[in-house]
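Okay, so here's the structure we're looking at.
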Amino acid sequence: MKLKYAFKRTITNSSASARQETKPEVPDGMLKKCNACKGAVFVDEVKKNNYICPHCGNYFRIHARRRIEMIADEGTFEEWDSVMPISNPLSYKGYPDKVKKLQEKTGLDEAIVTGRAKIGGVSAVLGVCDSRFLMASMGENVGEKIVRAVEKATEERLPVVLFACSGGARMQEGIVSLMQMAKTSAALKRHSDAGLLYISVLTNPTTGGVTASFAMLGDIILAEPGALIGFAGPRVIEQTIRQKLPKGFQKSEFLLEHGFIDQIVERKDMKETLAQLLKMHCENAADNRDEKAEQANKESYSPAKKSAWEHVLLARSKERPTGKDYIPWLFDHFLELHGDRLFGDDSALIGGIAYFDGKPVTVIIQEKGNGTKENIAYNFGMVSPEGYRKSLRLMKQAEKFGRPVICLVDTPGAFCGLEAEERGQGEAIARNLFELSGLKVPILSIVIGEGGSGGALALAVGDEVWMMENSIYSILSPEGFATILWKDSTKAKEAAEVMKLTASDLKDLGMIEQIIPEKEPLTRENMMETMEVLEKRVRGFLDTYCAYDLEKLLNKRYNRFRNL
């Protein structure tokens, strides 16, 4: 087999005086060309590899029905609106004939297939765009099919999963195409107001009016690796600004960095990820109440006497576990979500959904990292405005779906650089305090290391606030306190004693409800016993506060802070 003949005709010399055409030796349909690496790949091998080039990892575009086969449980997809009358609102010449030819060629009625399916056993409304049909541009019928599917999902209280792949608006349908942006968005708003889940999956390419409507409105937005995602196309932008765009601009990785999508998910993991998300939002949680929880809350423990400065040193210890170390001890199936949907993501603030005792919860963590390399990557736990806005987005999402919120607080303080002020650090913290005071789900905040000033308080407007025994919580660092009041940062040790920043101090002041004992200073190696105690207490908190009616919950939280 000669691969050099796979994609073009080749003329060879058969003799000094004669030339003849050599026909390809590869059977039709056996090979296809990768547009990225330009290599020849076997079609069967591409199919087995989830339509990904085995040489360079390039993602081939997938036909809608093949995508449905990969995502929906076998035999569960029921198609809706499979036949729609051709729409030609501008009476555009030749347009109906073009649509008919595409219908014959693709076997599709329009550029999207919609219907009901099960994904991982959970019923959902599923819609998948197909770029073979006029680049999956959104005309009247595409908009109508999406709206009908979303309306039916709202009526039947089903989640919606839409796979976007589109060149944008359909030019041949003019202003009618443009109006589909508003029409689909309005249907999704009603679906959202009904408290239902919408997952948007962005594939290559997702551009124009589709990006500026249904594709970017998901409660959770996923994307395939390397997908082109943007409003204006790169060539249009380059022509407008007369500049060469940076490598990776408008790719899914670019959007993740800039806070506009929750996760990039490889194709092989997409069904499992969707199934996990659907189960977290749509299945009734198991009730795994532990009768020992109440007993754990009443356990008495007399901590060893230490100086305030010793507590400071322990809270800052390099051996002390950070937020992400708590995840495997307390939670199952943690799924991290990214981005503030406004500017960026923030590594110092980790947030997502997990199970605690079989029940979905939203987890928010301030993360310092372990070791110098991680400290730098996590900005030493100093959260930026986009981090606080991400946390608020996730907590408002928890409110929509009735999930309790658990915050693990560990920061020397909010990030105070130039860029933080440019992006509104004060407003971001203030907005958290404002919104958390009225969040309509239980909030538990646990200070696990340093609780530094407003940067910590932004995640500590909880129904209860707890502290690990060797954590600290204060108006600012002892060094800062000594500098401001005594003009001498070297007096930090004396400042720590004055500031009343230990767990015992704050319990005496009525600022916190519980101290979680550390029978020896906590490290990543000796967490088990302490985590068992903490797990029981968290269970007791959730059992108590999830049973409160909304009025009692909010009044109790308001009075907690009103009386401080």
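Each residue, glycine too, has its Cβ placed from N, Cα and C.
Among the ranges 34-56, 149-171, 425-447, the one that TrEMBL lists as zinc finger is 34-56. Counting every protein chain shown, the number of other Cβ atoms lying within 10 Å of the Cβ of Cys53 (Zn(2+) binding site) is 20. Secondary structure from DSSP puts Cys53 (Zn(2+) binding site) in coil. Between the candidate binding-site residues, Cys34, Cys37, Cys56, the densest Cβ environment within 10 Å is the one around Cys34. Cβ atoms within 8 Å of the centroid of the Cβ atoms of Cys34, Cys37, Cys53, Cys56 (the Zn(2+) site) belong to the same-chain residues Asn35, Ala36, Lys38, Gly39, Val41, Pro54, His55, Gly57, Asn58, site residues excluded.
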